[in-house]
């Protein structure tokens, strides 16, 4: 199992090799290349050899497929913003393509959405599809929605990245990142260009400190998912929520969670307590540009008190 972990790109070797590679972005909208199709829970993945111009290659060993995350291009990664990039369509079969290596993702998503009648909006993952294994934050959302279509696609034509497999659709209950597939053509084959994690490392591993990161989970409830106007609630506990109405960072949500607990503002009844953020709150605190450039979040008592005084201005209690 461990030997099947997602291959990683060593940053130093990637930078050195970048002068000698051609990067071809495989966007489904831009290129009409044949892809594998999910049929009856089986995966048929097109061989890469059939997709390249062989007169440009001395050997197909020079060709490496890599998953690149959209968050590196600066897209908003909070749940309200991300869900606006996804939409439902009918009559279009899912397509998949495999890739050999991938980046670590700062933000991944995991959806469990039901229709008003209780049926599932999203299909289960086909056999062999595992969640994206390198996520700093996993945004787990449950809820309901009209889900007007058979499958949830990316409106910009990007892929949903799973463990070494990119799909055009979202699968239920599986971690994924948004991204595209690039083909790297190396000047000469290098066996060490793509390195595998330790052989005993688990695929969905979160605790081994040797990987220099740990996965944190944030939970949400979404109402009217897939419609033009939806409501996203950040879950503090089973009866306490915060309504999210603007872009924000994961670090801000953790600060919010800590502040509500610190000031004991949890629901103390069987009803639901829903906090509404003050319009003057800065939700961009602790933004991370990339893994290597982490800004220290301001975990001070002064900050907590200021946020507390401001965001508790409004609240809504439902029973």
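Every residue gets a Cβ built from N, Cα and C, even glycine.
The feature disulfide bond is assigned by Swiss-Prot to 108-135 (among others). A sphere of 10 angstroms centred on the C-beta of residue 108 (disulfide bond) encloses 27 other C-beta atoms. Residue 108 (disulfide bond) carries a strand DSSP state (E or B).
Marked as disulfide bond by Swiss-Prot on the basis of similarity to another entry: 121-147 (among others). Residue 147 (disulfide bond) falls within neither a helix nor a strand when secondary structure is assigned with DSSP, and so counts as coil. For residue 147 (disulfide bond), the Cβ neighbour count at a 10 Å cut-off comes to 20, with all displayed protein chains included.
Annotation source Swiss-Prot lists N-linked glycosylation site at 40 (among others).
Summarising the annotation, Swiss-Prot assigns N-linked glycosylation site to 204 (among others) and lists sequence analysis as the type of evidence.
Here Swiss-Prot flags 208 (among others) as N-linked glycosylation site.
For residue 238 (N-linked glycosylation site), no same-chain residue lying six or more positions away in sequence has a CB closer than 8 A to its CB. According to its DSSP assignment, residue 238 (N-linked glycosylation site) is coil. According to Swiss-Prot, the feature N-linked glycosylation site maps to 238 (among others).
Under the heading N-linked glycosylation site, Swiss-Prot lists 257 (among others). Sequence-distant neighbours of residue 257 (N-linked glycosylation site): residues of the same chain at least 6 apart with a C-beta under 8 Å from its C-beta are 234, 236.
If you take the C-beta of residue 268 (N-linked glycosylation site) and look for same-chain residues 6 or more apart in sequence within under 8 angstroms, you find none. Per Swiss-Prot, the feature N-linked glycosylation site maps to 268 (among others); the stated evidence is sequence analysis.
Positions annotated as signal peptide by Swiss-Prot, on the basis of sequence analysis: 1-32.
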